[in-house]
Amino acid sequence: MVASWMLTATRQFNPFMFVMVMGVGISSNILYNFPYPARWLRICSYIMFAITCLIFIAVQALQLLHMFVYIKEKSFKDYFNDYFRSLKFNLFWGTYPMGLVTIINFLGALSQKFTTSSPTNAKNLMIFVYVLWWYDLAICLLTAWGISFLIWQDYYFADGVGNYSSYSSRMASDHMKSVLLLDVIPLVVVASSGGTFTMSQIFGTTFDRNIQLLTLVICALVWLHALIFVFILITIYFWNLYINKIPPMTQVFTLFLVLGPLGQGSFGILLLTDNIRKYVEKYYPRENITMEQEILTTMVPWCFKVLGMTAALALLAMGYFFTVICVVSILSYYNERIVDEETGKVKRVYTFHKGFWGMTFPMGTMSLGNEELYLQYNQYVPLYAFRVIGTIYGGICVCWSILCLSCTLYGYLKTALRAARKPSFISEEGTEKTASSPFNSIESVEESNSAIDSTYLA
């Protein structure tokens, strides 16, 4: 029984499962630095962080076990083609580094908290955080550049052209969707993550000035590259909305994915420009310098600050617009019903499915962007509205993550236990019989209607 259950769970792996780490992880970060802080919120953040780590370890182990079983039964080439070339799975590898970043950010915040009370432990933790950050950066670049190259290199559809006249027409009709952003958003996220600790006191005492400058430059390059890449993809997605209109009911929550780079981009540029100011103030003292040098040391960092604030406001403004579009799109399907052909169940827009997870992380990034804008500039001009907006986004993110996690675990365990009672998982022909789960559907988030079956809550 146990072996059957483990085999079933292994076969149900999907890269999209790392989205649970993203949603719960960013919720823990928001609770830790909530716009209106409270001790009980900090306690809740520790609980959420512990859950995040457990999910990450479990899904990472499941991924390695799944890869081993898949390669053993088939081949590495089949695994590579199915999970890295096929658009059914390859785009969702971007959820892995984004989920890991939420863990890095929380550990970085803990190391800064214990700077004075336990400096040795704080230093060791910061070294660990920095090593993890470089690892995550490498994965982000590999995902964004590698998966993009594989998509551009050749068409790969296991079922061929399907009902379309050509591969290009199928690509234009079915795959010019918001999920294309999933492999690029990690670059924005990891650049923002570097900004959270680069100019902190504990990082400055652990590493020297050259390391700080190197990290600042790397973060700037990655952020600029990512934002250009993201807006190219958003332009393509806008074209898709004009041609193919808003997604159908079971895919409408994927609209929220556009919020991710907008909120995280604003958060990142605010941190980056503020770190430039801190770097100049720390390493370019104003004693015994000429008037020209004094003007430069004052103007240069604040020029970056002004540019950062302008860019952040622009990104947040676009985020507000798309938030409204997302909500209106969901409400437009309120009266629509879809009857499942297999089960006969009636599905509504509020029937839970894995696409619900697409709302968690983007809402969290918008919360971070609004809160950071308030923290940096409220001392110069009243910006309480951004604090309130950040609280609203953050509250929605946390509550939605709890809802999604509860429904997903319920559906996943229910399906796994039911499938484990079956005597065999491999047919006589050697083809895999995969049990349905919240994540194992062969369709992507935007293609799947059947993916909501196993997590349907009657």
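Placement of Cβ uses the backbone N, Cα and C atoms for every residue, glycine included.
According to TrEMBL, the features are:
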| type | residues | note |
| --- | --- | --- |
| TRANSMEM | 15-34 | transmembrane segment |
| TRANSMEM | 46-71 | transmembrane segment |
| TRANSMEM | 91-110 | transmembrane segment |
| TRANSMEM | 131-152 | transmembrane segment |
| TRANSMEM | 179-199 | transmembrane segment |
| TRANSMEM | 211-239 | transmembrane segment |
| TRANSMEM | 251-272 | transmembrane segment |
| TRANSMEM | 306-334 | transmembrane segment |
| TRANSMEM | 384-413 | transmembrane segment |
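Packing against the transmembrane segment (131-152) from elsewhere in the chain are residues 84-85, 87, 90-91, 93-94, 96-97, 100-101, 103-104, 107, 183-184, 186-187, 189-190, 193-194, 218, 222, 226, 229: each is 6 or more residues past its ends and has a CB under 8 Å from a CB in it. As a quick check, the transmembrane segment (251-272) and the transmembrane segment (15-34) miss the bar of 3 or more Cβ pairs under 8 A, pairs 6 or more apart, so the two do not touch.
Counting same-chain residues at least six beyond the ends of the transmembrane segment (15-34), those with a Cβ under 8 angstroms from any Cβ of the stretch are 41-42, 44-46, 48-49, 51-52, 55-56, 59, 62-63, 83, 89-90, 92-93, 95-96, 98-103, 105-106, 109, 354, 357-358, 360-361, 364-365, 367-368, 371, 391, 394, 397-398, 400-402, 404-405, 408, 439, 445. Remote same-chain residues near the transmembrane segment (211-239) are listed as 137, 140, 144, 176-178, 180-181, 184-185, 187-188, 190-192, 194-195, 198-199, 203-204, 258, 261, 265, 268-269, 272, 275-276, 279 (criterion: CB distance under 8 Å, separation of at least six residues from the stretch ends). Remote same-chain partners of the transmembrane segment (91-110), defined as residues 6 or more beyond its termini with a Cβ less than 8 Å from a stretch Cβ, comprise 14-22, 25-26, 28-29, 32-33, 45, 49, 52-53, 56, 83-84, 125-126, 128-129, 132-133, 135-136, 139-140, 143-144, 147, 179-180, 182-186, 189-190, 193, 196-197, 200, 361, 444-445.
Within its own chain, the transmembrane segment (306-334) is flanked in space by residues 246-247, 249, 252-253, 255-256, 258-259, 262-263, 265-267, 269-270, 272-274, 348-349, 359, 366, 369-370, 372-373, 376-377, which lie at least six positions past its ends and keep a Cβ under 8 Å from the stretch.
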